[in-house]
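Trainee: One structure coming up, written as structure tokens, with questions to follow.
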Amino acid sequence: MATFIFSRGNIFFYVNKITIPDLMSDVLLSKLSTELADLDGEIGQIDQQISQLRRKKSELTQKRQAIERKIELKTNEDSDVVTDRWDRDGFPWSDEATKILKEQFHLEKFRPLQRAAINAVMSKEDAVVILSTGGGKSLCYQLPALLANGLALVVSPLISLVEDQILQLRSLGIDSSSLNANTSKEEAKRVEDAITNKDSKFRLLYVTPEKLAKSKKMMNKLEKSLSVGFLKLIAIDEVHCCSQWGHDFRTDYSFLNVLKRQFKGVPILGLTATATSNVLDDVKDMLGIQAALTFRAGFNRSNLKYKVVQKPGSEDECTEEIAKTIKRDFAGQTGIIYCLSRNDCEKVAKALKSHGIKAKHYHAYMEPVDRSGAHQGWISGKIQVIVATVAFGMGIDKPNVRFVIHHSLPKSIENYYQESGRAGRDGQPATCILYYRLADIFKQSSMVQQERTGIQNLYNMVRYAADSSTCRRVKLAEHFEEAWEPSWCQKQCDTCENGNGFVGTSSKESTDVSEAAKTTVRIIEEHLNSAKDGSGRITGNKLVELLTKKLKGSRNREFCEKLIVNLLLEGYLQEDFHYTVYSVISYVVIGSKWRVYNGKDAIKMRHVEESKSRKRKASSSVEEEDVMVLD
């Protein structure tokens, strides 16, 4: 641009004149800006692709590591070979062990893996025992205490379970006790003196992890016990609680990593009903027992029949259906119903009573005398059904439980396996029924979202419940990394009974749900944009309601629920949690996978055939918000 000056009389004029080079400069600048914007767009797309590739690489790396771990375990030593080496007679103490088993515990023979674990710890080997619920884990440390004529320290998270075991041991003439906040000064003094006396007849001391972590006096007494040669074994019950990758991590278990260093030469025995390879490796690392022997029982309980039932839309319908099932299939037989909350327990128990079923609720907020009364009434048979939270079950010794019903979705496959495993301990046929619907996912996710692997564990449970085409035992075997063929199930699950139990997806029709998925995302976007401040978030239940209306005539509510579950599990949608003063609310938002979705590739979902039992009127109203109230 150039400036010209000319005058007319005494007046001077300044004129700006645009030159050709100036015009060229503006055009060039505009062109460069356009190119820059295009490059930014391409870079953004590449960033998204890189992000997607990184996630894919992470998934493949995890799969590779899992396969490598399996190869390593198989190469080093087959678990059956390890078990065979230890699960036999011929050890110096074998005859005495059998004698104690029969004369002290009044048992005729060892259960699977009990003898192997006993022989290992008597040989001063560290070991981890994975035995299903009711498999007899407690004998693995109780008998060695008597066999070694010394002290077994038992770390257990539940005082109630500890007290039950102590009563049982004392009835067998075995001196044992616990040290906790309820222990009298006289009893505490007696125990402390006993565990530091090598000639004492005291055999088992039960403590919680908190007790060890907070009591220097306790640790000092145990060191003295070791110095006089009296401490023979440290057993850690529910050892999966050590792992942050587990389904029930407890921070107080972190202190236990000092035990191996502090009590050198004392074998550590970890016990649990469930543990994946990841959890098992983490537990061993945390406790410093990387070379520990592993004794793992197979996951399969052949006498248990697994079923998943579409949960009715209203609570009244649900309890009515449960009552009908109990009356029709389990008349006069003992059972457990697990609920998510204490409120649910009380409501379900009350509803069952109205149907003439002898039921009683059980949860941690009851007075101890009421809780004990419910427990004893159920054990004695006066109460047919106990309706409980997860507070009920650990250490329960009732072999003739014929059914376990889950009123709501458990938080992990491990929890489900352990809780359902309380059925049929006598080896006779028993049934495990899981009632499942979309709303339960959001109630449970609001509770577990702060746990390190809470959502991951929950979604694994959802995959089990939502898959109506794969053998239930195949799903369990995959999770616990065991080999399983659907034919071995013998129609002992609902999918195999219906002829659907297969492995893979190729043999079952899949439906292209791309358009329905796009409609789902549009609803979320419209809801979000409807609020000027961007606060128009949508809950899962509301999304189902709107999607069902949108697809009215072509798809029913059941399809919409299954679609949303599928999109959540595949990462096209995700949950977003928000806190209020009294609750945690789950909202459904667009997931990372949708952000890189090109809109062309087909999104497929396995075909759903609506069964007669599912052709019920589902409530279209949002009966329960996706909210978990904070107590």
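Every residue, even glycine, has its Cβ placed from backbone N, Cα and C.
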Trainee: Pick from 237-240, 325-328, 421-424, 537-540: which stretch is listed in Swiss-Prot under motif 'DEVH box'?
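Mentor: Swiss-Prot lists motif 'DEVH box' for residues 237-240.
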Trainee: Taking 38-59, 170-191, 610-631 as the choices, which stretch does Swiss-Prot tie to region 'Disordered'?
Mentor: 610-631
Trainee: Near LYS137 (ATP binding site), how many other Cβ atoms are within 10 Å of its Cβ?
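Mentor: Step by step: centre on the Cβ of LYS137 (ATP binding site), count other Cβ atoms within 10 Å, giving 25.
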Trainee: May I have the list of same-chain residues other than LEU131, SER132, THR133, GLY134, GLY135, GLY136, LYS137, SER138 whose Cβ is within 8 Å of the Cβ centroid of the recorded ATP site, in sequence order?
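Mentor: Neighbours found: ARG111, ALA273.
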Trainee: Please count the residues of the motif 'DEVH box' (237-240) that DSSP assigns to helix (H, G, I), strand (E, B) and coil.
Mentor: 2 helix, 1 strand, 1 coil
Trainee: Treating G and I as helix alongside H, and B as strand alongside E, what does DSSP give for the domain 'Helicase C-terminal' (318-466) in helix, strand and coil?
Mentor: 70 helix, 26 strand, 53 coil
Trainee: What mean pLDDT score does the motif 'DEVH box' (237-240) have in the model?
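Mentor: Residues in the motif 'DEVH box' (237-240) carry a mean pLDDT of 90 in this prediction.
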Trainee: For GLY136 (ATP binding site), write down the residues of its own chain that are at least 6 apart in sequence and whose Cβ falls under 8 Å from its Cβ; none is a fine answer.
Mentor: ARG111, GLN114
Trainee: Within 10 Å of the Cβ of LEU131 (ATP binding site), how many other Cβ atoms can you find? Include all protein chains, please.
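Mentor: So the Cβ neighbour count for LEU131 (ATP binding site) comes to 21.
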